[in-house]
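J.: Provided herewith is a single structure, encoded as structure tokens, for subsequent inquiry.
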Amino acid sequence: MIPSCICEVTIGKNMQRKVYVVYLGEHKGLKTSEEILDDHHSLLLSVKNSKEEALDSVVYSYKHTINGFAALLTEEEARKLSSQSWQFIMQEEGFKIFDSTDWVQKPKKDVIIGMLDSGIWPESESFSDRGMSRSPKHWRGICQEGDAFNSSHCNMKVIGARFYVKAYEAYHGALNRSTAFRSPRDNDGHGTHTASTVAGRAVAGVSALGGFARGTASGGAPFARLAVYKVCWPIPGPNPNLENTCFDADMLAAFDDAVADGVDVVSVSIGAVGAPAHFANDGIAIGALHAARRGIVVSCSAGNSGPMLSTVTNLAPWMITVAASSIDRAFDSPVLLGNGVSIMGQTVTPYTLKSSVSYPLIFAGDAVVPGTPANVSGQCLPNSLDAKKVKGKIVTCLRGAGLRVAKGLEVKRAGGAAIILGNSVPNGNEIPVDAHVLAGTAISSDGAIALLEYINSSSNPTAKIAPARTVLQVSPAPVIAGFSSRGPNRIAPNLLKPDVAAPGLNILAAWSGSSSPTKLEDDPTSEDSLGNPLTDASGQIAGPLVYGSGHIRPEHALDPGLVYDASYEDYLLFACANAGAASLDPAFRCPTNTNEYPFALNYPSIAVGTLYAPVTIKRTVTNVGNGSALYRVSVVEPKDVAVEVVPTVLKFKKIRQKKRFTVTLSARGRFNVDYEEGSYTWSDGIHVVRSPIVVSV
């Protein structure tokens, strides 16, 4: 069955109703919307007492490409439905929006990008339709009106907008419209930020908070059209701006509409938290499969749960899963200690200290009020600092619990002169860039250790904080963000995720006019730029489990040379070997023997969860480069793994010609649970087509 997001509506003992998504596969295009709705009502009548009760229980009826519905059911009603012949999936609430960026390569004005997120702030200059012509002919969507949003807020850039709140309201009750817009308008800011990052127009003379990074901001595909599907809403609480949640039933409705509306690309910076659901239990995976079947590219965030391994989300092969990386820009604001040591720091805060004055320096853990728990004593949580001890001093706070900018607010409340925000060890060398409410900077974990050693060894520690400045061409760059989720793939260990990496850290882009980027309630390639291997936030060399096939280079993606194609049936065969495909497409019948299918999907990377015995993997490439071409293979073997590619030469006579080859992997006698990394590369002297190999031996 498919219980979706749980509804806290009590109707009697053991009769609590919840929102369940009943998934029936795909529409065949033979029935009208009315006939589809009648079918869904008929199914509900098998567990409801009357037609009226069946009608009232429907939350959504998916009628375009996805065949199914969301309904309020008791557990007993759900059990009865799940015992019938239809297929169902179980889904839980727990999707969150992620600050990861996906990039769209095609700079054509008729490309339509569907954004599933928290909505849009249409007045931003990033969404101007200046110089743009009428909507593409294949567009069939609408501009849905609601709170502070009407049809005039759509234009030739933002050509459509919808919102989906029924499942959210079934769970949390009516949306608090004093803190959120019941419309496509973005209250949170995340949707506006991702939309402008993906497809924002070029806007000159803009800067980050504090006036830094002044220049021209542009999205990856500035002439593409945007279609907005608002599916994420604030979690009720004292600060509704703090965090959003997104429900499967709402997202499936958005996918169903987006496909019917005519989008070419779907961008989803959303993912599940906690243990990942199987593809057949994952609303994003199901919606993406229906989109992929119609040739729509779906790009999803890898997640924000790094740097721990096995945290990557959005794991299906029919979506592009994108890790987050940095760019070559920094906002230097170093700390000069009283002993003459300088520690690198970054900030975009507009406040500064007197550059000629050294200020007393104190660690927050040495200045807490009585009763502050020892495990958070250095983290500058609200009302934790003793004003008598920090007044007029630079206070060193550690990351951990609480918002980073809120720590500065606590230092300011207690009378501190400035904040130095120190990374913990898991945060590594990735320095967060914030606009604090007072003078301050942020430093790496190594910097924090050095600073605390100085404080502990000095009887009168002092420091200066230099005013921030924008620095370009920083190296090494890019670096994989510490928060970016890592592989291996917990659902399908023989499929490498994430797929690629793209800029997603400290990106200058639009934001909602209704929310502060600080989230305070009251806001005052596989190589870096030096040709070295990509690193993570700790400075360690990153591998395919971190960045997939490597960092995206859009100019090369326009002319890749060779591509790996996969069909809808290929995806279902892959699913057959990973807990079955029946729940994804009830009409599809899996073969009796599925042993080869974990490796048979024509994917541009190779992953083997456990290499107990030699395995031969088949791949097919299609020539999309020169009409005739000769490609030769080179191999970098994973440690203790032999790799044989047959044949070693591929000769193409024309464009779109296909060639097959095999890759055989054999362990060289060593067996443990470590992942080893290598690659194989096809090149014709012009194009370089590299595929990572990840093997556990």
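Including glycine, each Cβ sits where the backbone N, Cα and C put it.
Sharing the record's features from TrEMBL:
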| type | residues | note |
| --- | --- | --- |
| ACT_SITE | D117 | active site, charge relay system |
| ACT_SITE | H190 | active site, charge relay system |
| ACT_SITE | S515 | active site, charge relay system |
| DOMAIN | 19-84 | domain 'Inhibitor I9' |
| DOMAIN | 109-517 | domain 'Peptidase S8/S53' |
| DOMAIN | 380-445 | domain 'PA' |
| DOMAIN | 601-695 | domain 'Subtilisin-like protease fibronectin type-III' |
| REGION | 514-536 | region 'Disordered' |
J.: With DSSP assignments reduced to helix, strand and coil, which class does H190 (active site, charge relay system) get?
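T.: Helix, per DSSP.
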J.: What mean pLDDT score does the domain 'Inhibitor I9' (19-84) have in the model?
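T.: Computed over the domain 'Inhibitor I9' (19-84), the mean pLDDT is 83 on the 0 to 100 scale.
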J.: Just going by other Cβ atoms within 10 Å, which of the active-site residues D117, H190 has the emptiest spot?
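T.: Per-residue Cβ counts within 10 Å for the active-site residues D117, H190 bottom out at H190.
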J.: Three-state secondary structure of D117 (active site, charge relay system) from DSSP?
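T.: It is in a strand.
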J.: Can you tell me the CA-to-CA distance separating D117 (active site, charge relay system) and H190 (active site, charge relay system), as a whole number of Å?
T.: 7
